[in-house]
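A.B. asks: Supplied in structure tokens, the structure appears directly below.
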Amino acid sequence: MSAVPLKNTDAAHDGVRSISVLGATGSIGDSTMDLLRAAPEKYRVEALTGNANVAGLAKLAKEFNARFVAVADPARLGELRAALAGTDIAYGAGESAVIEAAARPADWVMAAISGAAGLKPALAAVDRGATVALANKECLVCAGDFFMSRAVAAGSCILPADSEHNALFQALASGNRHELTRVIITASGGPFRTWSAADIEQATLAQALKHPNWSMGQKITIDSASMMNKGLEVIEASYLFALSPDEIDVLVHPQSIVHGMVEFADHSVVAQLGAPDMRIPIAHCLGWPDRIVGRAARLDLAKIGQLTFEAPDFERFPGLRLAYDALRAGNGATTVYNAANEIAVAAFIAQKIRFGAIARLVEDTLNAWIRAGNLAPLGSADDAIAVDHNARKMAATLLPQIAAKAS
């Protein structure tokens, strides 16, 4: 049994739906609020959360008349209190308040808090059986088996909000799970798709941040340049759809129009296409099992002219290979992969290591973790958070020698 519904069997939604958005002030949250703004008669906002942008969070709370608002930074409680003065909006600050927001009675929850901080709030929504649009990678990369098992036990419906996984979700509706032979996740190839290994090694921060198609935050843009993001998506797909590593392929598709494909036993391949705009997969989740009017640009294939595909290069982009290695190792290895990558990207942004050293730090951390005998099943959110914490410490310890090798 899967928490991800592969057939649109639910009845259509009637009346007003209650909505909570965890991470309302981030890029995914912004796209979600834009869709809610377009149809205020269909949605009522139950709860909103943000990290530290109190002004933006309070503005959204007032606009949508949210019932509860939480800011993750406990030091911002006074600022939030002042910003909401004169309203009847309830509020709180700190992790417990964010978890309270997630646990409030909303029909549909957008889980878009970035990083490991998003795991416990997402679980709070899952545990009460909510429909959860999942945009937080760490829930799956750091605690995939545990998270999905909890969702099944609680009767929670998980809707993939990431563009590639939402594409697979839509394509999978064309057949049955036992008829699937493989899924194909597409990758733009990032700004270094045609670069040599030597040039990629020396790439600057400014060059890594020039994504050809998507407008995203700094961290994910660098992950796209290294193809670590595609590795994370391979891991997510495995947990979301109960797929083995051998059932997941990656194709480089520079136009970013085909977001995912599913091949079935009869060798039919069903693909989902759309403009590179996060409002498309979010709208699909928000309307599911129905379709709602979109806000993104319509797709004009004649204007695009051609769609091209190529195999990924695991030598120039070893981060993708490492994701498959971590997935096969299991027992927390994917958590280590993600944690080490976050340390490596932060070091690259701080100009402590070269771009090419990102994958080397991830590989060295994974190898050191396995040699130390640290692989073990994750039975709780606290287990996942502990592995994440300790893997970050290990990566930080290995960082100086990685930096020294590159100098």
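Cβ coordinates come from backbone N, Cα and C, glycine included.
Owing to the predicted nature of the structure, the values given are computational and were not obtained by experimental measurement.
Not my notes, these are from Swiss-Prot:
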type	residues	note
BINDING	THR25, GLY26, SER27, ILE28, ASN53, ASN136, GLU138, GLY217	NADPH binding site
BINDING	LYS137, SER163, GLU164, SER188, HIS211, SER224, ASN229, LYS230, GLU233	1-deoxy-D-xylulose 5-phosphate binding site
BINDING	ASP162, GLU164, GLU233	Mn(2+) binding site
A.B. asks: So if I draw a 10 Å sphere around the Cβ of ASN136 (NADPH binding site), how many other Cβ atoms end up inside it?
C.D. replies: 28
A.B. asks: When neighbour density is defined as the number of other C-beta atoms within 10 angstroms of a residue's C-beta, which of the binding-site residues GLY26, GLY217 has the lowest density?
C.D. replies: GLY217
A.B. asks: List, in sequence order, the residues of the same chain other than ASP162, GLU164, GLU233 whose Cβ lies within 8 Å of the centroid of the Cβ atoms of the recorded Mn(2+) site.
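C.D. replies: Neighbours within 8 Å of the Cβ centroid, excluding ASP162, GLU164, GLU233: PRO160, SER163, HIS165, ASN166, ALA167, ILE185, ASN229, LEU232, GLU236, ALA237, HIS259, GLY260.
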A.B. asks: What is the separation, in Å, between the Cα atoms of SER27 (NADPH binding site) and HIS211 (1-deoxy-D-xylulose 5-phosphate binding site)?
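C.D. replies: Computed Cα spacing between SER27 (NADPH binding site) and HIS211 (1-deoxy-D-xylulose 5-phosphate binding site) is 16 Å.
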A.B. asks: Please compare the binding-site residues ASP162, GLU164, GLU233 by how many other CB atoms fall within 10 Å of each one's CB, and tell me which has the fewest.
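C.D. replies: Counting other Cβ atoms within 10 Å of each of the binding-site residues ASP162, GLU164, GLU233 gives the minimum at GLU164.
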A.B. asks: Taking every protein chain in this structure into account, which of the binding-site residues THR25, SER27, ASN53, ASN229 has the most other Cβ atoms within 10 Å of its Cβ?
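C.D. replies: Its Cβ has the most other Cβ atoms within 10 Å: ASN229.
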A.B. asks: Looking only at LYS137, HIS211, which of these binding-site residues has the biggest number of Cβ atoms within 10 Å around its Cβ?
C.D. replies: LYS137
A.B. asks: For GLU138 (NADPH binding site), what is the tally of other C-beta atoms lying within 10 angstroms of its C-beta?
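C.D. replies: A 10 Å sphere around the Cβ of GLU138 (NADPH binding site) contains 26 other Cβ atoms.
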A.B. asks: What does DSSP call SER27 (NADPH binding site) in the simple three-state scheme?
C.D. replies: helix
A.B. asks: Under 8 Å between C-beta atoms and at least six apart in sequence, can you list the same-chain neighbours of ILE28 (NADPH binding site), or say none if there are none?
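C.D. replies: Spatial neighbours, sequence-distant, of ILE28 (NADPH binding site): MET110, ALA112, ALA135, ALA161, MET278, ILE282.
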A.B. asks: Calculate the distance in Å between the alpha carbons (Cα) of THR25 (NADPH binding site) and GLU233 (1-deoxy-D-xylulose 5-phosphate binding site), and round it to a whole number.
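C.D. replies: That separation, Cα to Cα, works out to 23 Å.
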A.B. asks: CA-CA, which of the binding-site residues GLY26, ASN136, GLY217 lies nearest HIS211 (1-deoxy-D-xylulose 5-phosphate binding site)?
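C.D. replies: If we rank GLY26, ASN136, GLY217 by Cα distance to HIS211 (1-deoxy-D-xylulose 5-phosphate binding site), first place goes to GLY217.
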A.B. asks: Which of the binding-site residues ASN53, ASN136, GLU138, GLY217 has its Cα nearest to the Cα of GLU164 (1-deoxy-D-xylulose 5-phosphate binding site)?
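C.D. replies: Of all the candidates listed, ASN136 is nearest in space.
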A.B. asks: Given the binding-site residues LYS137, ASN229, GLU233, which one's Cα is the least distant from that of GLY26 (NADPH binding site)?
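C.D. replies: With Cα distances computed to GLY26 (NADPH binding site), the winner among LYS137, ASN229, GLU233 is LYS137.
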A.B. asks: Under a three-state reduction of DSSP output, how is GLY217 (NADPH binding site) classified: helix, strand, or coil?
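C.D. replies: GLY217 (NADPH binding site) sits in coil per DSSP, no helix or strand.
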